[in-house]
Amino acid sequence: VWDAERGVQIGSPLEGHTDYVTSVAFSPDGKRIVSGSWDKTVRVWGAVKGVQVDSSLEGHTDSVTSVAFSPDGKRIVSGSSDNVVKVWDAERGVQVGSPLDGHTDYVSSVAFSPDGKRIVSGSDDKTVRVWDAERGVQVGSTVEGHTSSVTSVAFSTDGKRIVSGSNDKTVMVWDAERAVQVDSPLEGHRHYVTSVAFSPDRKRIISGSWDKTVRVWDTERGGQVSCPLEGHKKHVTSVAFSPDGKRIVSGSSDNTVRVWDAERGVQVGSPLEGHTDSVTSVAFSPDGKRIVSGSWDHTVRVWDVERGVQVGSPLWGDTLYVTSVTFSPDGKRIVSGAEDCSVRVWDAEKGVQVGNPLEGHTDSVTSVAFSPDGKTIVSGSFDKTVRVWDVERGVQVGSPLEGHTDSVTSVAFSPDGKTIVSGSFDKTIRIWDVERGVQVGSPLEGHPDSVTSVAFSPDKKRIVSGSIDKTVRVWDTQSYVEMICIQESFEPPPKNPKSLYSNH
């Protein structure tokens, strides 16, 4: 954990997971952190004290790939490489209902609808599925259309549409209610689509691809807005909208970060140069005035958006690739995760590390995030554990959440922070009680391959999971049965952990 003002690390790393941490998230109230790992477990951490809360949530038989809290924070959803999605009671730490089955390969991405009643999931089985979060069953038929693996899915802010990106080089928009495609697929990319996101006003979609371009799409007309944003010399690895939706930032394997005018579709200024290896993660500060980037060159850098220059010196400390970076809610601190198994906190103003590295993970840290109040940090790792850290004291909160039988790939807190959901390579999804540190109910099973991403709906009534089985599944959090399975066709992405699970 790092002091964003002073740029120094705060306390020690949150340790516990025994394999790669793939996904982390704060609870809605910011008091807890949930993490998923390749160690097949989901862990809940106290954001204030920086220690693990109770025992690990176990149940998945393969790596947890994605986790998320429900909007009210009472439940957790997890996706796994075991092809199933599991729902957990965040309060009691037990699995809720049966696993949500349906996907036939890894779930790669999951997301809740704004009202929390539905979940959308994308998978390597080339499909997108929508699930009723209340009844735990799939809503409608599987959404098919992609000809290769679905890599990213998301709901529009009004919950009426779903956008999906795929390795078939297309971006498609779907009617969330009828589970049918809206107009034609958003075609244009010539290679894998690596990242997609809605603009704050939900009127546009941005996508990044291995074809070296960034594209902006009109969600109403379904067409591309202006020409592709070209300039990068290699794969685009990460894209994001500024808080006001006027700018776009992109990171690439060409070692540069570029800023684009979202309205005019042109690059703003010169490329932000400084990194000496691939840029893996980019994000805007809450006020949109700064950009933070992480890279395989072992550094974290902060950039002034208006002037297009680096702010201070590079933030050094990680001895291996930096895999994930993000700003604290107030923009004063930055947290970074790296392949050297550490989590570090930096002072965003002074550019110095806050305290010592948060150590404990025994393998690469894949994802890091601040709690809403900025008091705690959650990290996921390839060591199969999820750890929660107290930012002020720099210590781990409670013990690691264990249960998964393979790497945890994605984790997330429920809106109220009482439960955690985790996804894993063990093909299951598990829900954990944050207070007691135990799994809620049985694992959510159904995915025939690794679960890569999971999330709760805002109202905690549904869970969405994505898997390498190419499907997205939505689960009813009351009955814990699958509601919808959306299928799409496309080639599966590389199975290399670095290319699949670094957070952008």
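Indices start at 1 and increase along the chain as displayed.
Glycine residues also receive a Cβ, built from the backbone N, Cα and C atoms like all the rest.
Please treat TrEMBL annotations as automatic predictions, because they have not gone through curation.
Record features, source TrEMBL:
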DOMAIN    1-90  domain 'Bulb-type lectin'
REPEAT    14-45  repeat 'WD'
REPEAT    57-98  repeat 'WD'
REPEAT    100-141  repeat 'WD'
REPEAT    143-184  repeat 'WD'
REPEAT    186-227  repeat 'WD'
REPEAT    229-270  repeat 'WD'
REPEAT    272-313  repeat 'WD'
REPEAT    315-356  repeat 'WD'
REPEAT    358-399  repeat 'WD'
REPEAT    401-442  repeat 'WD'
REPEAT    444-479  repeat 'WD'
Problem set entry | Chain residues in Cβ proximity to the repeat 'WD' (401-442) (below 8 Å; excluding those fewer than six residues from its ends, i.e. six or more beyond) | 16-17, 19-44, 52-100, 106-107, 110, 116, 366-367, 371, 378, 380-382, 384-386, 448-456, 458, 460, 463, 465, 467, 475, 480, 497, 501
For this session: Mind pulling out the one from 272-313, 315-356, 358-399 with the most Cβ pairs under 8 angstroms to the repeat 'WD' (14-45)?
Result: 358-399
Exercise. Near the repeat 'WD' (272-313), which residues from the same chain, at least 6 beyond its ends, have a CB less than 8 A from one of its CBs?
Worked result: 7, 234, 237-244, 247, 249-253, 255-259, 319-327, 329-331, 334, 336, 338, 344, 346, 348, 350-351, 502-504
Seminar exercise, completed: Same-chain residues at least 6 beyond the ends of the repeat 'WD' (358-399) with CB under 8 Å of its CB atoms are 1, 9-56, 63-64, 67, 320-321, 323-330, 332-333, 335-345, 406-411, 413, 417, 420, 422, 424, 437, 497, 501-503
Exercise. Mean pLDDT, the repeat 'WD' (358-399)?
Worked result: 82
